[in-house]
């Protein structure tokens, strides 16, 4: 098993690396690779507890850290309608359709299937949207939906499975369970956020802070789930709170945190999407008592209903909002994009694999229908999503220009404040600055002006008149070449035993930081 996991991780990272190099959507390539190799390798069963307690918390936490609380607040109505309203609608529609197709399947299990496949996973959609310049509002809505929809779906799933295994569940009892899970999840998330914010305020140690940051999502998830609250909501709340206060942390903590979570996201997402594809054989082998054509028909129907129900909900809600608010709302193109961004992910599969206490024949069928819906949405919607964005012309070129303009204006304001502070400090010197002090002061002024100049140059797309290289771009290119030459000297001196490895690492770190600044 250990060797299997090692090979899985290594293969997934290799495929994801190829996808990044080629500019392809990594989730789709990973799923396709998993499907191709699944018949040729030993079964790698998906463990629900591994997904829900190990993979899900850090992925949710990282997404919350990287989200904007202010932007999410601006689109809270849209996020609520998708993460709660659409999940309820999809659960009901899919449940009723499955019950009509399979009257022998208990109604509670039909609704459990609806809850399982209701929440989309926005990883693939957001990655493509960012690369193709999807408007920030649309991206924020998709991110916000993916942060909270799992909580709604998993709570509905628990209620439906409880009804299937233990008998009837009162509607008000189910509503009470949902409200309890949400409210207590928020309370636990806020409590942990306050505690860790206080710890970080008094620690000021980037190594300790980032180690704690790795533990926070697991602590929040386990604390909430242990009292039958929503671990998803607890993780998201603590992530949003701490992410909104990152500016209060030290620069070292922010630099390390950014790198740590990028690596964590890349690694976990690679494994998760590869695992989805690898379930092909396990899922198919479990199907008994149904003809192949019947099962294929059920799968196609559930997939179609899942895709259509999102479109119906998104277009209906958008139309109502436009009527109530006199035409304000997303454009027709953005509405189509939101309706098509319904790719399902590993949380749906984990929930399906965790079904227990029901007839094995029913469990196998639900697992197969979940698997085909996840794969179908990823391969159909995921592969056509980039083309749809281009065809509809939904881009944020004006928004990107406004961002560059705002950055340039902010850099100018910051420059003036920084230079005023510099002049104040110079005025506090005893007497006139000496030669060395004047050189340092001039360097500080020059560096401030260069940063402001770079921001203004970006308004022209990074090129000067006639497409010529701007001074800032020329500076960055030449300085990068100089840094590479300097590195070669340090390495040569180390090889000649004239420089210790520890000293080499220190000077290399200095050069790396400078190059990182140039890349930004």
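Glycine is no exception: its Cβ is also placed from the backbone N, Cα and C atoms.
Since this is a predicted model, take the numbers as computed values, not measurements.
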Range annotated as transmembrane segment in TrEMBL, from 15-39, 140-164, 365-389: 365-389
Positions on the same chain near the transmembrane segment (365-389), where near means CB under 8 A and six or more residues out: 25, 27-28, 31-32, 35, 98, 102, 105, 109, 112-113, 116-117, 120, 124-125, 128-129, 131-132, 134, 276-277, 279-280, 283-284, 286-287, 290, 295, 298-299, 302-303, 306-307, 336-337, 340-346, 348-349, 351-353, 355, 395
Proximity verdict for the transmembrane segment (290-315) and the transmembrane segment (178-200), three or more C-beta pairs under 8 Å: no
Proximity of the transmembrane segment (108-128) to the transmembrane segment (336-359), 3+ C-beta pairs under 8 angstroms: yes
Distal contacts, the transmembrane segment (79-102) - CB-CB under 8 A, six or more residues away: 72, 110-115, 117-119, 141, 144-145, 147-149, 151-153, 156, 160, 298, 301-302, 305-306, 309-310, 313-314, 317, 338, 365, 369
Close approaches to the transmembrane segment (263-284) from elsewhere in its chain (Cβ under 8 angstroms; 6 or more beyond its ends): 8-9, 11-13, 15-16, 26-27, 30-39, 41, 43-46, 51, 55, 58-59, 62, 123, 214, 345-346, 349, 364, 367-368, 371, 374-375, 378
